[in-house]
Amino acid sequence: MSCLMVERCGEISFDSPDQNAKCVRMLDTTLSGEIGTKKKVKRLLSFQRYFHASRLLRGIIPQASLYLLDEDYLGQARHMLSKVGTWDFDIFLFDRLTNGNSLVTLLCHLFNVHGLIHHFQLDMVTLHRFLVMVQEDYHSQNPYHNAVHAADVTQAMHCYLREPKLANFLTPSDIMLGLLAAAAHDVDHPGVNQPFLIKTKHHLASLYQNVSVLENHHWRSTIGMLRESRLLAHLPKEVTQDIEQQLGSLILATDINRQNEFLIRLKSHLDNQDLRLEDTRDRHFMLQIALKCADICNPCRLWELSKQWSERVCEEFYRQGDLEQKFELEISPLCNQQKDTIPSIQIGFMTYIVEPLFEKWAQFTGDTPLSENMLNHLRRNKAKWRSLLHKQHSSSRSNDHSGQVTGSQEQTLNEEETP
């Protein structure tokens, strides 16, 4: 269950007063039983940052310590950063080596590698403060939509920005926008999806009129933190306004409901061979596609990494389903742990969402080693999920047809189950 929804009970409303009262009682029980007292009303899913409810103005100082990259890192973390452009980068290990600071650490390194600190004359202390704010605004209790996912997407985005077809045309502004959007694309994610916010009448759904609710919130939260940190305050106003708008365009592109829109447009460009990356508009469109790929690239990773992400995202789905069941709401698609298995969810996701996008991405990049590697991983991972699904079905059929077992059969089964 998302702690956010527990902490924001007042944001969930139903038509019936009895249901509201039941909601309060259940959430109170959950607070005491599952969460404890540490997280009481600590984080708000709201637009308060955008309306200047600043942590700094309230005197709250970020807890993460400021450190210099090359002095305080463990040797293993430094070694990993030297290979940050490789596709087998293990973000889970990197997060452990950086003591849970993978997003801050990665972004500081990439801003330096790409020369963005020098080009935009950024203050390192201010940059670090901003990145800490972003990292802290992710919910660590989310199995999937957390700061590690943001770091993983950012590392993938870095790989895509280095693809020759794109890299030859990118400006420093393009690179900074791509990395910032990747890092902040899911900031303050509540661990539940848009339909849940809509049917529970969450204030964000009303604010954004049920359109790209989460993505709009991620974008506005990012703008609030940019302004609060004053990271870009030294730049001309028209430049910062353009950066804010382009960040919004990139983050809003990650709305999965717009998948076909972007896929059809990309297919049209590739069929007509009319992409002109010298043109700012076409370049921005390909940055949107790159971010969309980075956001859903988990099935294209090594099996050991891909499997972890698959289990995490399904756990988050199941938590939403449990929450919906407690509120006596209809359980959303993919969120019923009794019916929606991890293999079936992943096979569907790969078939209808991931494969079409990455096949077109490979067509754009020209079948580079990275694109071929990703597609190979995708095919192998899909085959493994199919195998696991087949085993589940076989096991289920075996149980369904077993009927009453004889004493000797029961003894055999017990012996097989004994380590």
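From the backbone N, Cα and C atoms, a Cβ is placed for every residue, glycine too.
TrEMBL labels come from automatic prediction, so no person has curated them.
Annotated in TrEMBL:
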type	residues	note
BINDING	HIS145, ASN146, ALA147, VAL148, HIS149, ASP186, ASP295, GLN346	AMP binding site
ACT_SITE	HIS145	active site, proton donor
BINDING	HIS149, HIS185, ASP186, ASP295	Zn(2+) 1 binding site
BINDING	ASP186	Zn(2+) 2 binding site
REGION	390-419	region 'Disordered'
COMPBIAS	395-412	compositional bias 'Polar residues'
Distance [Cα-Cα, Å, rounded] between HIS145 (AMP binding site) and HIS185 (Zn(2+) 1 binding site): 10
C-alpha spacing of HIS185 (Zn(2+) 1 binding site) relative to GLN346 (AMP binding site), in angstrom: 22
Those binding-site residues listed as HIS145, HIS149, HIS185, and which of them has the most Cβ atoms within 10 Å of its own Cβ: HIS185
Packing count at ASN146 (AMP binding site) (other Cβ atoms within 10 Å of its Cβ): 22
Zn(2+) 1 site, defined by HIS149, HIS185, ASP186, ASP295: further same-chain residues with Cβ within 8 Å of the Cβ centre: HIS145, ALA150, VAL153, ALA182, HIS189, THR254
Separation of alpha carbons, HIS185 (Zn(2+) 1 binding site) and ALA147 (AMP binding site) (Å): 10
Number of other Cβ atoms within 10 Å of the Cβ of ASP295 (AMP binding site) across all protein chains: 22
Least surrounded among the binding-site residues, given as VAL148, GLN346, when other CB atoms within 10 Å are counted: VAL148
Nonlocal neighbours by CB distance (under 8 Å) for ASP186 (AMP binding site), same chain, sequence gap 6 or more: TYR138, HIS145, HIS149, ALA150, VAL153, LEU214, HIS218, THR254
Distance from ASP295 (AMP binding site) back to HIS185 (Zn(2+) 1 binding site), taken between C-alpha atoms, in Å: 9
